[in-house]
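J.: Can you read through this structure? Questions will come right after.
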Amino acid sequence: MIDRYKHQQLRIGSVSPQQISAWATKILPNGEIVGEVTKPYTFHYKTNKPEKDGLFCERIFGPIKSGICACGNYRVIGDEKEDPKFCEQCGVEFVDSRIRRYQMGYIKLACPVTHVWYLKRLPSYIANLLDKPLKELEGLVYCDFSFARPITKKPTFLRLRGLFEYEIQSWKYSIPLFFTTQGFDTFRNREISTGAGAIREQLADLDLRIIIENSLVEWEELGEEGHTGNEWEDRKVGRRKDFLVRRVELAKHFIRTNIEPEWMVLCLLPVLPPELRPIIQIDGGKLMSSDINELYRRVIYRNNTLTDLLTTSRSTPVELVMCQEKLVQEAVDTLLDNGIRGQPMRDGHNKVYKSFSDVIEGKEGRFRETLLGKRVDYSGRSVIVVGPSLSLHRCGLPREIAIELFQTFVIRGLIRQHLASNIGVAKSQIREKEPIVWEILQEVMQGHPVLLNRAPTLHRLGIQAFQPVLVAGRAICLHPLVCKGFNADFDGDQMAVHVPLSLEAQVEARLLMFSHMNLLSPAIGDPISVPTQDMLIGLYVLTSGNPRGICVNRYNPCNRINYQNKKRSDNSHYKYTKEPFFSNSYDAIGAYRQKRINLDSPLWLRWRLDQRVIASRETPIEVHYESLGTFYEIYGHYLIVRSLKKQILFIYIRTTVGHIALYREIEEAIQGFSRAYSYGT
């Protein structure tokens, strides 16, 4: 069993047959070696006990019940005085039943079998190392054709057949008879190679360092040739150079990890521990079995048949042996990756069997569901909505979620303040949602950040820390500026919330993970907190000066008459000076709150003289004179009030309440940053 305190990482790769045997083989106290699964059976239909040497054998994988052997005898586990440590009658050790979760077995294959991941997955590692087409290797693995072994300076039967086949026609009838004689096995093993054994021999003969040297030389030669002018030839050369680079990298990986290429062909097939492929009894006495058990049974049946053909029947036709080897290869392929070669294998109900690949890959696989993405305590999940009134470092947490996440902290607060005598009373107060509970919850949440995570977490900005705030409803409120880091929007996205418990986790959340500490992309340094979606629409509406709004089109036939009537009315009554004048922005916003003006209504706002920017060459649109001698020069976006001596008395700019509100927000933000900078220096 893996000790979580001693092992910090897990490496997945190819292993040698010796390593597989070491994992699965164990020596009993009487010296007997067990570990090989030879029978395709699971449980006996009468006794309901595991079959000996089967897929659930207690001798191989350990007892089903701790300290109880297959005979029913009991021994105390860990007692040094208990002797013997195993049952001499059934051969089952008196150990903890948890051994069945990690004790492996193995199947000794009657013929080598290629691992389908290394053959069929793209890129094909076997095809890359051997520098041969994948279709050719597939035909060899599945016994569609054979190749002759290179035997130099020796006459071979294949050469003789090639010489005499066309000279002596009678040999055409005598040669096939030779392939069915008893001596053909010796000839076949000497001169003919097919199946995964042929692949294994070629991989074993490879020298990885020579492959690297030859590939580099060929790559340099192709680079020296340059462009030929033929687009098709240039693409062919480019693909060849890319292939050579992949081949060199693959060979270097094998050398660096001390992996032999022939390990990609299996001689021993590991058998998973029984607890990882269980058989469960459901209501009514029916049994539910993992699909992997059925696939293992299929492999054992075919492997035993091939063993019988090779050992007992010496006169078996070679075509039958090759066909059975192909069936064993296909059975192992289905066990490892069902459907990788085409149509997947199905059961009697036309349901596809779940192979080993299906068990470990994907969102519901062993890694993502039970190891990486498993459910944890002190976490929740809900839909996110926009929180326009939130600060950048805050998030709105629904009361229902908050009271569950911080329940233990609230209980401790109630007991410390003597508002509850024990845990039971505190839980009762929480269930009844007494007002004091929400006060304690507010105190607890003030100094405790939470972590928000949106799957998939592709980079560090996928999980950030926030200061929680209680909100009504059942949705998590989020500031729209942090959406880009999460790659989130408000169309139904869900986010998970976690509570950091340890002091180290809380310090890390405050110093490194708070949203206002992650304003720039860690990858390229660009701003990550930029307005998007709702904020862009809001800024457009806020600064839009069109009195007709952004959704009305005056060129629409339905709106043309209304627009013409409004234009005619404006020409008769509308004057620039009829628009309201305000001496400061506070008066303008106050008038808007009193509903005397609209958000996009044009108005005149007095501007400070030291901040004016006036184009000297611009001519006024209109000039209005008053009886006292003062006059107004009206331009496109501003108005100047001059005295009788043409001195500037006031300057008014033409704006809207939306522009004023945006300007004040920017001004306050800049002033706040300046104060913070001055305090820091």
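Count begins at 1; order follows the chain as displayed.
The backbone N, Cα and C atoms fix where each Cβ goes, glycine too.
So Swiss-Prot says this about it:
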BINDING   C69, C71, C87, C90  Zn(2+) binding site
BINDING   D489, D491, D493  Mg(2+) binding site
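What's the neighbourhood like for each of these?
T.: Every protein chain shown contributes to the tally, and the Cβ of C90 (Zn(2+) binding site) ends up with 16 other Cβ atoms within 10 Å. Classification of C90 (Zn(2+) binding site) by DSSP places it in coil, neither helical nor stranded.
Around D491 (Mg(2+) binding site), no same-chain residue at least 6 positions away in sequence has a Cβ under 8 Å from its Cβ. The secondary structure of D491 (Mg(2+) binding site), as reduced to three states from DSSP, is coil rather than helix or strand.
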J.: Expressed to the nearest Å, what is the distance separating C87 (Zn(2+) binding site) and D493 (Mg(2+) binding site) at their Cα atoms?
T.: 58
J.: So which other residues, same chain and not among D489, D491, D493, have a Cβ within 8 Å of the centroid of the Cβ atoms at the Mg(2+) site?
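T.: Near the Mg(2+) site, the remaining chain residues are I384, A488, F490, G492.
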J.: Far apart in sequence but close in space: which same-chain residues, 6 or more away, have a Cβ under 8 Å from C69 (Zn(2+) binding site)?
T.: E58, P63, F86, C87, Q89, C90, V92, E93, F94
J.: Give me the CA-CA distance between D489 (Mg(2+) binding site) and C71 (Zn(2+) binding site), in Å, as a whole number.
T.: 63
J.: Within the chain of C71 (Zn(2+) binding site), which residues six or more apart in sequence place their C-beta under 8 angstroms from its C-beta?
T.: C87, Q89, C90, V92
J.: Around the Zn(2+) site formed by C69, C71, C87, C90, which additional residues qualify by having Cβ within 8 Å of the site's Cβ center?
T.: A70, G72, N73, F86, E88, Q89, G91, V92
J.: Just to be sure I understand the packing, how many Cβ atoms besides its own are within 10 Å of the Cβ of C87 (Zn(2+) binding site)?
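T.: For C87 (Zn(2+) binding site), the 10 Å Cβ neighbour count is 21.
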